[in-house]
Amino acid sequence: MRVRNKPWANQFILDHPESIVDDPEKYIGKWESRFPNDAPIYVEIGCGKGKFITEMAEKNPNINFIGIEIQKSVIAMTLKKVVNDHLSNVQLIHTDGGLVNTFFKKGEIAKIFLNFSDPWPKKRHTKRRLTSPHFLQSYQDVLPDRAELEFKTDNRGLFEYSLVSLNNFGMKFETVNLNLHDSDAVKDNVETEYEEKFKEKGPIYKIVAQFVD
């Protein structure tokens, strides 16, 4: 979902280098230096306007979070939340989330979240889906053994594709939820902006799966 350009975004990003990184390759193997401690690092690929990652950070002060977002105006909105809420356990990266294996080393991060990723519905765009095999391989390249991938979508086609893709990749399913907001699991759920807006219009699907050798 495209967001109108924010004229203030560039300068705001420049003003807050303590919370956002524009040269992530520089920190490969050294991401804990961006945080005040060596707590586990969870990554959200496509963090959008930041509701999910900032609420997760507030609820889990013993975990560090990195949000990745390619749209500058969008990540600037997340950055504003991080700065205003003084969240020292959140770092942001303005780049393509598909490049994770170019700026994290194996085992440096502990978990990945994919929330309401672009479904890329056309068949010719299958490889762009963030649950396609080459993306799954890039995640496995940087996650420790038996780490989790947590995925949410409201798109039935992407959900079904992802089930097959993760299964074919040899992942172990821990949770497959066909209607998150009509289940007991919703009590621990942290919503995204998109989810908050669209949860009444249809089911939210969720998968939690583990990478296994």
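Just so it is clear, glycine is given a Cβ too, placed from its N, Cα and C backbone atoms.
Take the substrate site that TrEMBL assigns to LYS122, THR192, GLU193, TYR194, GLU195: the candidate from ASP85, ASP96, ASP145, ASP154 listed for it is ASP154.
The annotation in TrEMBL ties GLU44, ASP96, ASP118 to S-adenosyl-L-methionine, and of the candidates under consideration, GLU18, GLU25, GLU69, GLU148, the one tied to the same site is GLU69. Secondary structure at ASP96 (S-adenosyl-L-methionine binding site), taken from DSSP and collapsed to helix, strand or coil, is coil. Here the binding residues for substrate are LYS122, ASP154, THR192, GLU193, TYR194, GLU195. Their largest Cα to Cα distance works out to 25 Å. Annotation for GLU44 (S-adenosyl-L-methionine binding site): spatial neighbours PHE52, ILE53, MET56, PHE65, ILE66, GLY67, ILE68, ILE112, PHE113, LEU114, ASN115, criterion Cβ-Cβ under 8 Å with sequence separation of six or more.
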